[in-house]
Each structure stands twice: as C-alpha cells, then as structure tokens.
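Inspection log for the structure reproduced underneath, given as structure tokens.
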2 protein chains.
Amino acid sequence: MGNSIPDNDESRELGDWQPRNLPAAYKVGVPPRKNFVNEFTERVKETLFPDDPLRAYKNQPKSKQFLLGLQYFFPILSWVREYNLKKFKGDLIAGFTIASLCIPQDIGYAKLANLDPQYGLYSSFVPPLVYAVMGSSRDIAIGPVAVVSLLLGNLLQDEFDPKLNKEEYHRLAVTATFFAGVTQAALGFFRLGFIVDFLSHAAIVGFMAGAAITIALQQLKGFLGIQNFTKETDIVSVMKSVWGSVHHGWNWETIVIGTSFLAFLLVAKYIGKKNRNLFWVPAIAPLISVILSTFFVYITRADKHGVQIVRKIKKGINPSSVHELYFSGPNLGKGIKIGVVSGMIALTEATAIGRTFADMKGYQLDGNKEMVALGTMNIVGSMTSCFVATGSFSRSAVNYMAGCQTAVSNIVMSIIVLLTLELITPLFKYTPNAILASIIINAVIGLIDYDAAILIWKIDKFDFIACMGAFFGVVFDSVEIGLLIAVSISFAKILLQVTRPRTALLGNLPRTTIYRNIQQYPEATKVPGVIIVRVDSAIYFSNSNYVKERILRWLREEEEKQKEDSLPRINFLIVEMSPVTDIDTSGIHAFEDLYKNLSKREIQLLLANPGPIVMEKLQASEFTELIGHDKIFLTVGEAAMSCAPKVIEEV
Amino acid sequence: MGNSIPDNDESRELGDWQPRNLPAAYKVGVPPRKNFVNEFTERVKETLFPDDPLRAYKNQPKSKQFLLGLQYFFPILSWVREYNLKKFKGDLIAGFTIASLCIPQDIGYAKLANLDPQYGLYSSFVPPLVYAVMGSSRDIAIGPVAVVSLLLGNLLQDEFDPKLNKEEYHRLAVTATFFAGVTQAALGFFRLGFIVDFLSHAAIVGFMAGAAITIALQQLKGFLGIQNFTKETDIVSVMKSVWGSVHHGWNWETIVIGTSFLAFLLVAKYIGKKNRNLFWVPAIAPLISVILSTFFVYITRADKHGVQIVRKIKKGINPSSVHELYFSGPNLGKGIKIGVVSGMIALTEATAIGRTFADMKGYQLDGNKEMVALGTMNIVGSMTSCFVATGSFSRSAVNYMAGCQTAVSNIVMSIIVLLTLELITPLFKYTPNAILASIIINAVIGLIDYDAAILIWKIDKFDFIACMGAFFGVVFDSVEIGLLIAVSISFAKILLQVTRPRTALLGNLPRTTIYRNIQQYPEATKVPGVIIVRVDSAIYFSNSNYVKERILRWLREEEEKQKEDSLPRINFLIVEMSPVTDIDTSGIHAFEDLYKNLSKREIQLLLANPGPIVMEKLQASEFTELIGHDKIFLTVGEAAMSCAPKVIEEV
C-alpha cells in the first residue's frame, strides 16, 4: 500500500538497487542485527516488564532508589505526604457509604461460603487495611465478593461437609485463602500478571451472569424460609427442592418480609440509577432494611413463627488462625488446588475493576504490583480468620461515586467494621435471613450485564457462544464447570487465531497508488496478470502451511476466473507483507516451498514491504538471495508497477 | 501507510465525508454485514476446509460426483487410467531400490520396538499396499521408521517387559498400532489435520536429532556385542553400561565386523552425496553388507565366538492379529494412550515428507486426506501383525531420486518384501546383529540436521532454545520427556505471540507520503506534535490490555523526550490499524479506555486504515461515533496531514 514515487527528482539518485523501469526512493530497510543477549533481554523485558517499572530508578542516587523501592511496594508513602483534609472529607464519606453497604453483604457472603457470619466481617476488616498500605488503586473497595465466596463454598464443600466437619472445613477455608494469596503474590512478583488476560471478556461476562443466577437461586432458601435445601447449585436440582417444599416448608411471614424489603431495595436502586446524586440511597438502603427488619422481628418475635434469623454473630475482632493452616497432609494439596482457582478468579475481578477506574480517572496502574498487594492482603487475611477478599464491583462503584480520593476510604470502612465487630454484632441477633437473601439478590442482579452480552452478540458471534457456554455451564451444572468451559473456549479462540490468520486479495484504488482489500473497497480494481495477496499475521509454524496453501488457493481461484473470462495469464504473485510482523523457520520454509511451487508454474514471486524482523530473517536465511533482492519492494505500488512497466507512463 | 492524495483533481469530488482541510479520495470502506449463519459457516469452512476440497463437486451430475467421491478416497482410481509402461519402469526401479533399503532396516527397527525381526517386514508388506490405494503422495515410501519404533518401544516397555510378558507386550503393540491408526484417520476425517502444525519445526529438528543420538547409542549393544545392556535410553545410563562392560562383554569379532561394514556404508553414502547419479550405491549398500556379512559369519561360524546373530526369522506372511487387540480392560486405556502419542508423531513425519515432495514436484496434497489414508493403513496393519508404519524420510528421498512416478513403487516394494518373507527369511539366520546396528546407525545419522539447527540459530534464537530443549530432553532423559518439552515450548511460543504483539513508532519518509517504522528506516522523521503507533496484530482479550498499556508507554516516552528537547506538545496520537486484522470486545473496551485516558490529557485519538472486520466491529460497538467518523482515515498520510493542516501546502 502506498506511493513511493518521490515527489521530486532528487530522490531518483537514492537507493542502491532499483526495481526495473522504476525510480525507487527508498530500499526496504534492514535494522542493525542485535546479538543474542540483547535480543533475549529485550524480548524478556517486553514480555515481563512491558510497563518498564524500573524507569523511575534510572540514574538516581542509591538513597533515592531505596526510597522509590519502598514507595513501589508501599504506595501509601508516595501519596500520604500530599494528603490533606479536603481529600480526607471525600474518603470519610466514601468510607461510611461502602461500610454501610458491606456490613450486611459480608454477613450474606459468609453464608455463601458456608461460614459463620462474623467471618464475612473479619474479611472486611484486615484485608482492606493491608491493601490501603500496599495497593495503588484509589477507587477499589476491598472485601468478600459474591462470586468468589460462592466458588470457594462450592469447592470447599466438595472436600468437607460444612456442618459435620465444621472445624476441618474452616481450616481448609483459611488454608485455601492462604494459597490464593500466595498464588496472587507469586503471579505479581514474577510479572506473570498477564495470565489473567487469558480469560476472555466474553467468557467472564457469561460466567458472572451465570454465577449471579446461581447465587440468587441459592437465596431462595432464606427468601422462602425453606428448611432442608439441596447442596447442588444447578438450576434443576434447586428448582426441584424449591417446588418440593412448596406445600410444607415455605414460610409466608418470611416471604412477606423478604419480598417487601427486596421491593424497597430495588426501588432504592432505581432511584440511584435515575439520579446520580442520589447514589447514596441504594448504598445505605441495605443497612436501613437490616435495621428496620431486625427491629420489626424483635418486637413481633416473628422468629417464633418460623422466620429464620441470624441468631448469633461472635463478638470481637479477628482471632488468629495461623495454627489452623494446613501445611502438610492430604488437605495441603486440596487447599492449594482450591486456593489457586479462587485466587485467580479473585484476581480477574480485582484487575478488571482496577483498570476500569484507573482509566476513568486517567492514572496508570501496575497490574503486577496490584497482584502483589492483593496477594499479601489475602496471606495476612488467612492468618486472621479471613476468607478470600478482593475488589467488589458494586462497592467500588459506590466508593467512586461517593468521591473517594485515596485508599483511606478502605481504612475508614475497616474501622467501622471493627467497631461493628466490637460493639453491635449482638444487635444482629434478630436480623431475619430473608433480608440478607434480599440484599444478596439485589446485589448480584447487578452482575448480569445484558448490555455487554448484546454488544458481544453484535460484535462477535463466537465471543457470544463463549459467553453463553460459560453462562449455561454455571447455571445448569456448577461454577467449576462454567469456569472450565470459559477457560477452554478462551484458549480454543487463541489457538484458532494463530492457526487460521486472515488473508485478503488487494486491488488498486483508481487514480491512486493505494492498494486495498477488494472486499472492503469494491471500487478497488485488480491489476491484470498480477495477483496481490496480503497475509494478515505473523507467519509461524502454527500457520505457515495454511498461509502457503491459502495463497496457492487464491492463485488457483484467480486462474480459474481468468480462464473463464479469458483475461491475461497471471505471471506475478505479490505478497503484501506489511502485516507480517514476524516469521520463523517454518514460515521461511513455507515461503521457499511457495517459491518452488510458483517457479514450476513460471509465476514470479514478489514481496512488498516486509517489516524489520522479517527482513532480517529473510536475509539470514538467504531467502532474499533465492528470490532476488530486486523482487522485494517498499510498497505494493512499486511491486505492481515493476510487473507492468507501462503503468509508469500512465502515472 | 500510503498516499491518498489523488493524482488528478476529479477525485476531489469523491468521498462523502472529508477530513478537515484535506481532499480525501476514498473513505474507509465497510463491507456489507454478514448474518450469523453466513459468518459462522464461512469461518468454519475457513478453519476446517481451507483447501476447499468440495471445489470439484460443484455443479456436477450426481453420477460424476459419486465417481469423484470414490476418487477422493481412492486416488488410485484417478491416476490408474493414465498409467503406462514408462511410468511403471520408473516405479519398478524405485520399488526395487527402496525394498533393498527397507528389508535390513525393517529388521533393525523391529528390534528398536522390542519386537521379533519378522514384524518389521510385516509392517513393510501390508501398509504400503493400503497406502498405494488410498494415499495421494507419489513419492512417500511407507514402512516402519526409526523414531516411531523407538518411541513405541519405550512407551510399551513402560507397561510390559518385552522378554517376560512377550505375549501381552505384543498384544499391546498391535492395540497401540490400531489406535494410532484410529487417531490419524479421525484427525483427517474431522479435518483437524492442522493439529500436527502445533509442533514447531524447531522443536521437531531438536527432537529428531535427539532421537537419532538415542537410537545410535542403543545400537552400541549390538555393535559392541554387549550381552546385558541397560533398558534406559538416556545417554548417562547407556554410557555407564557400555563402560561397565568394557573388560568383559565387548566382543572384538563383533566390533571388527560392525566397524568395517559401518565404514563401508558411510563411504557408500559419501559417494551418493558426491554424485547424485550414484544415489543407488548408498541405497543398496545395506543389503550388500547384510549378504556379505551373513555369508562371512556362515563360513567362519563366527557366532561360535560370541558374534550375536539374528538366529531366527519366522517364515511366511503376516498372520492375523485381530484376536490379539485389547478392546477392554486396563490395557485398552494404555493402548489408546500409546497409540495417540505414536500416531501423532508418525503423522508429523509423514505430513512433513508429503509436503516437501509435493512442493518439489509442484502438486497439491490434501493433508487431511493423507491422514485418513495413513490411519486406515495402520488400522489394517494392526489386524495383520504390523506395528506403526509411516513415511520414512530416507527411503522417500531414495524413492524420489530413483525416479518413482506413482505409489506403485510402494506396491513393488511390498511384493518384494512378500517374497522375502515367503522364501529367503531363513537365510537371515546368520546375519550378525552388528550389521543391523551399523545399518541403523548409518540411517539415523541422517536425522541429525546440523544445517537446519544452524539456520534456526541464525533466524530465531528462541526457536533455537526450543530446538535444544527438545534435543537435550531426549538425549538426557527420554523420548517422552523430549517430546513433552518440544510440545510445551511450542505452545508457550504461540501464547507469547498472542499476548505480546509487536508495536512500532512510525515516521515519514522525506519527500513521500509513506510512513514507516523508524527503527527500520532511520531516514524516517517524526511529525512534530504527532505520535504515530502501529499495532502489529489482531487485538484480542489476550493482548488488548498490553496493547493499550504499550501505546500509552510510547506516548509517555515521547512526552519525556519532548520535555527534554522542548519540542511542540503532543496533541495527536495516530494508531495505524492496517495490521490489526481483527478485534474483539475486550479489544474495543481497551480502545475505549485508551480514548478516555487520552481525552483526560487532551490528546486526540486518530485511526488509520482499519480493515473490514475491524471497521465493522468498531461501528457495531459505536466506537466510531465515540471518537467521530472524521477521526478515521484511509491512510496514515491523511491522518497526519489532518493534524497539521499546513503540511498540505508543502506537498
């Protein structure tokens, strides 16, 4: 693509080889060869340190470097000095808001993980403090989240029964949390954060929506006041046990309380949506409904009429759980397995949130550093009776809207949680489970992102299939299966991408020297006797043969057309190499084979605009000698003109 | 890249939107939207039927279609009619040559697989016949090959001891062969042939060389006449057992015979290399040395002096082995596992050979069809006491040089093998194992491809690492480990490719409107106030965030430079999209984030030459509306000019 006919005559002298009958302004450049070490270090740097984290350290005194190093691991040091009352005001309000939102959610999410309510609160106390010191996102709100809690609960109860083996169950929970933290910190430390990118957006959307449905279904237990409820999470068995207990087991008082407050929450949410300034309405609605319903149950003693209540939340702050961690025996393996899985999922959620808000406020975020922070936070958490905590979509959004300035809002939140644990937990005694159910249902509804799904459908049908696969996997089988489907589909897509790159036939845009895809530009006209193919990907072993075959097929198809319409015989095949960013030995072999094959048919092979790396490798392999230097052009325009000399007169 | 300033004035009228201050010849085209079904079928077709095998069937009468269908599965039908005496002459000579080469090799390779010598001959009788009828390569020579035999032997002896459980061992061997065939046929039938492309050329080179060394080392047993030899294949333990038996166990008569004939073979090979017309010298040398040495041993009765001999080859053609196949029990699973692995390796070898010779003679080869042929051939083989057969590098080359015309040369070969089995096997009784060892050593030396390794080193250091990894894996541990390393490195490379695409900063080539990578073209000059980045890959979830971050980093670096040299502030960021062949939802989100981020800094985002699919998706996601249609240009040239209106006057 492009015009290299110089705009004045001087350049006719330039360039030491000349495609015949054509003044070439520039020859295809070859970059200076790098030696192995440079090449290697460069590539490693690009892979593991794309964000160049050591930039700031360059030519700095040791002392400064040390300080920067500290600041790198404890970002609080870098912003605490500029911290002021104005900022604090914002953080204070935000902190209070997310606290009021998280306290009831925590209690509910603890239930999702089959743990006692207080563990939810524990996990909103210690981890946020750690994150505030180490994390670099200013908007993320830390604590337990629905999906991870559910996933953790499911994985754990496959190993131990949360009722019968309460102790082992809990020990495995903290062990898993520990290894979740280790996984996260390790990924970050070894700069392997990009691994979370292997889960495609589409798959995540589907997975989240599925998880939301599953969680909502689980809440029917508390919402309808059903006593004996299935352990399965798939929609079929849940529905069975719901209908099974329709005549005996549904408790109408519970249902009344649940529905009325759910309605209240939904209205509050609606108000918040309508008027962004009233964001605090949906934010505090849950706490209000908890207070009201608790008070209501207390005076009516509705619990005597079968309305299930929280009954007991242990008072006081997190007890140590260091001694509970499994570091040996079969449970170690289980803990690692569960930890890795839930840790990764927690990461994907946190990373997504971090990036979103960073871009909204226009600041950079070091993904790997974040992972170290999140990891450390969970490791510390696992030693203080917390289960896996991460960034929460809903609460982070509220945090952002409430005008948080720094991670201090997390500190405020955790202090409030601390006070709650120390002082008012007993008051939760009469809180009806139905309310927690309503709150969770109301919360997880937000995870179902219709618009995203619709957009995915619009943009890429295959992404949509991935999305639905993950969704139905979760809903009809289990979170694990859904996750498995999501991951495998994502990988399948990657492999497909590298095995079947796109190719296009190029034509000339009349009255220009531009050559474009004839499918995209109907006005583009083919050059008689010449076929121009663009290969749209690096050529590696995984696709080299396909590329070769595909080019030959383009040729065959054109030749058939040409026979039908008795056009001039095709004598030249130009491969537009601009998009071919790299080539490996297999790729070069494929080109050699292509060249042999074409030579047999007396068709000339020409290359247009090979990139630096490609050019370097074509020379190293002496392919340039094979086809001849004068067969490699700066632009398709030149190449095409060299095929049909008279074109020049026209120009 | 390129120039869209029309070469005459008419085109100024063209185009319905105009980037400001600039006559645009063409607007960026958007292809007609395809509906889901079309899109889907098209993509599936491109993935599974890239070679468009049904082309010939289009608008043909049913009867013709049926005939074509038959010819598709039995290519013999398509060429047998044009077959003539001249062709037969070529095939006859070639057939005799490869037969003389394969008979001694077969006996040796059977030993590699820990099977009795006759099984090697069996495998050179039935499979070639089947292939001749179904295969479409004209040059490939079918039979047992060294690497596959070794691999099969290793995998089998992990399950059963070839001495103690002779019967189970043999039953498992044919079972594995059966499932190797099933795997191959299935891959071909479901058009999944491209899976073999996931093993990179570099990895194969390393693996083959390693296997060659391992095989050669194994031959020291027969070559030195050592009685008790290690079962391990790694160089360390082999060397141990070689030196361990240096004083007692080495048999000098054996060594004399072995070395002298190895010398003879190497000389023959050298002659063949020097003078291509004498290709038959190395081809028949093995058979000659077998005859000579056998005769020699017979008259000197050297076997009485500890020279080990073949002793006994069962006379007669392949007995049926249908009843021996395991179709139940634990051995079924083992058989499948071993079959799949060895079947895949056999495929990679056969496919490589097929492609090479097809391109040398300039004919097309349907990889998937080939696999069906190879698969069927091994399935039939497994029922007639054969073990895995495939195309042999060395024998195919000889076949080609001997002037084979069609698969008939395979038929000739297998007839000769048949006669051998029926008549002269007893004569092999006195053949010393040392000869077979020499023949195998001489054969596998050819698998060590120094030149390829050197080329790989020259072209791509990372491919070289993969190559060495596979090589050392095989030599120092085992074939399986080497294979595992090869595969995993290959996959790692694919994943790296899609996570870390290359990006480049573009500059203008003076006196043209071409924009090129400034690293490749030092003369290219940056446009003041504008930064032009080219993204060299489709943007998918796996790299979308990296791409975004990387673009922002280019910007940051440029801004730092600009501050230092007090250049004009950067107001525009142009992303050259030509190489971006596709984009998914994650990619679009990344661009939205990029746009938000840039807007915060009051930098304008411009796109140049997005391809058809990308353009379609940008519109579907309304990203075009977000940044504005007039920010999307046909070429970088236009985009750059729109940033600095005065540029136009200059042109």
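Each residue, glycine too, has its Cβ placed from N, Cα and C.
Residues annotated as domain 'STAS' in TrEMBL: A:520-643. Among the features that TrEMBL reports, transmembrane segment is placed at A:130-152, A:172-192, A:198-217, A:250-272, A:278-299, A:371-394, A:400-421, A:433-457, A:469-492.
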Confidence summary (mean pLDDT) of the domain 'STAS' (A:520-643): 88
Contact count check, CB pairs under 8 angstroms to the transmembrane segment (A:371-394), set A:172-192, A:278-299, A:469-492; argmax is A:172-192
Taking contact to mean 3 or more CB pairs closer than 8 A (sequence separation of 6 or more), are the transmembrane segment (A:250-272) and the transmembrane segment (A:433-457) in contact? yes
Given a Cβ distance threshold of under 8 angstroms, which distant residues of the chain, six or more beyond its ends, lie next to the transmembrane segment (A:130-152)? 73-76, 98, 102, 105-106, 109-110, 112-113, 120, 123-124, 173, 176, 207-208, 211-212, 214-215, 218, 233, 338, 341-342, 345-346, 349-350, 353-354, 357-358, 360-361, 363, 365-366, 369-370, 372-374, 376-377, 380-381, 387-393, 395-396, 398-400, 404-411, 413-414, 440, 443-444, 447, 479-480, 483
Spatial neighbours of the transmembrane segment (A:198-217) far in sequence, C-beta under 8 Å, 6+ residues away: 112, 146-147, 150-151, 233-235, 238-239, 348, 352, 440-441, 444-449, 452-453, 456, 460, 463-464, 466-475, 479, 482-483, 485-487, 489-491, 493-494
When you check the transmembrane segment (A:278-299) against the transmembrane segment (A:433-457), do you get at least 3 Cβ pairs under 8 Å, counting only pairs 6 or more apart in sequence? yes
The transmembrane segment (A:172-192): which same-chain residues, six or more beyond its ends, come within Cβ distance under 8 Å? 48-49, 113, 115, 119, 152, 155-156, 159-160, 321, 324-326, 331-332, 334-336, 338-340, 342-344, 346-347, 367-383, 385-388
Near the transmembrane segment (A:433-457) in space but 6 or more residues beyond its ends, with Cβ under 8 Å, are 104-105, 107-109, 111-112, 146-147, 201-202, 205-206, 208-209, 211-213, 215-216, 219-223, 225, 254-255, 257-259, 261-262, 265-266, 269, 286, 289-290, 293-294, 307-310, 393-394, 463-464, 467
Which residues, given as numbers and ranges, are at least 6 beyond the ends of the transmembrane segment (A:469-492) yet have a Cβ under 8 Å from it? 147, 150-151, 154-155, 198-200, 202-207, 209-211, 213-214, 232-236, 341, 345
